[in-house]
Amino acid sequence: MSKQKKLKPELASGFRDRKGNELILKDRLIEIIKRNFQLFGFEPLETPGFELSENIGKFLPDEDRPMAGVFGFKDEKDWISLRYDLTAPLARYVSENFDNLSKPFKRYQVGSVWRNEKPGPGRYREFTQIDADIVGTKSVSADADMCVLLVDTLNKCGLDKNEYLIKVSNRKLIQGLLEELKVTSDLKKLTAIRAADKLDRVGISGVKALLGKGRKDKSGDFTKGAGLTENQSEEIINFLKIDSFSKLGNLSSNLTFKEGISELNEILELTKLNKFADRIKFSSAVVRGIEYYTGAIFEANLLFKVKNKKGKEIEFGSVGGGGRYDDLISRFTQSIYPATGVSIGLDRLLYAITQKKMEKIKDNNPVVICVFDKKQMSQYNKLLTLLRSSNINSEIYCGDGSLKAQMKYADKRNAPAVILYGDNEIKSGIVTIKNLKLGKEASADLKTREDWTSSKTAQITAKVENLVDEIKKLL
């Protein structure tokens, strides 16, 4: 009889598990951001992970676009897809419930999104976004408020002023420029915009190639270009090199372009009222590759250096962005529901904070109460009740191991301390506390209860009634 083949425990490509302190910090960031979004008047919303494929639309860049870019399947008669962002589901929700919503409708949402794209180092197919959007207003002040929201949120997440910058622009600038350059094909316009959006990844020469015939990357993959002329490409490159808002005025007389300048100027004037106004700057290089943007666009960039997989120091780059999308919801209705919003990539922000070590995560692992005699479980539970009633994470060892095994368990859990409470301690009304933060190096050679109680390394004794105070000092 042949043995049944055992399953191999492994993750699907592009996905990962997480545990421990990384998740503690992630939860903390989520709470900080949610609280700040509420402070700005946004209310929470939750939508399903799956949406009808036709409802989430085709707005990602070509290489990420449904159906090639999303996970989906056919359910009876309908194609259903995992959402690739939180904006497309919002558009569906608003159009479905608009009559019952306050206008403007301000919502925030936290959730996983999925993209069926080629995974790589630091690039996963599932990640967490947290969005804030205002639906139902054309006011440029709403766009300005989004910029201020990004500034205030990054500040409250622990970033210093000199460590981030909110870069703002307007999609109408590059659209107007393309109109003036006589680029009439919608496909060419969109391909050119997406080429410009890759500036930080492929550089000027790469963008120029993508504006022209196309570009072959290091792996040999070829991306077809927009097919613009040499002159058209040069004009767009010159636009992307502009480093000052004051230099925009003479670049084009196109009405769409001028409208973009006017809206951008209003945003910059409004944000001057904020105490972090110097963190909001114009950048012609902000283009945003997603199709549905119609006006103001912005990106939150971290300016400090981190090491890439090759050990080279690079600027961290974007952790979020957004913009105005006045036409997205009109796919569902005859009415126009103008909207603006921002999205923060929580996993990238988490990684950045971890890299900078700005946040020392408080050790949330439990204090471990060792078991010398299972007949004394009632005594151990009394200690456990004392600790937990004082909001101290704690547990009684529940395995069958020796004292040495219990200490190894506590070490592996990164427990801050263990509590020794044997017959002698119980009779005397005292406990022995081993500070594992200070005494880990000594633990390997201590095998018996006598070894532990005779070793004074990082060890104190205390009356039972003083246990909580002593543990709090240690923590």
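Placement of Cβ uses the backbone N, Cα and C atoms for every residue, glycine included.
Note that TrEMBL annotation is computational and uncurated.
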Report the candidate from Arg115, Arg123, Arg279 that shares the L-histidine site with Asp85, Leu86, Thr87, Gln129, Asp133, Arg288, Tyr292, Tyr293, as recorded in TrEMBL.
Arg115
Those binding-site residues listed as Thr87, Gln129, and which of them has the most Cβ atoms within 10 Å of its own Cβ:
Thr87
What is the maximum Cα to Cα distance, in Å and rounded to a whole number, among the residues Asp85, Leu86, Thr87, Arg115, Gln129, Asp133, Arg288, Tyr292, Tyr293 annotated as binding L-histidine?
21
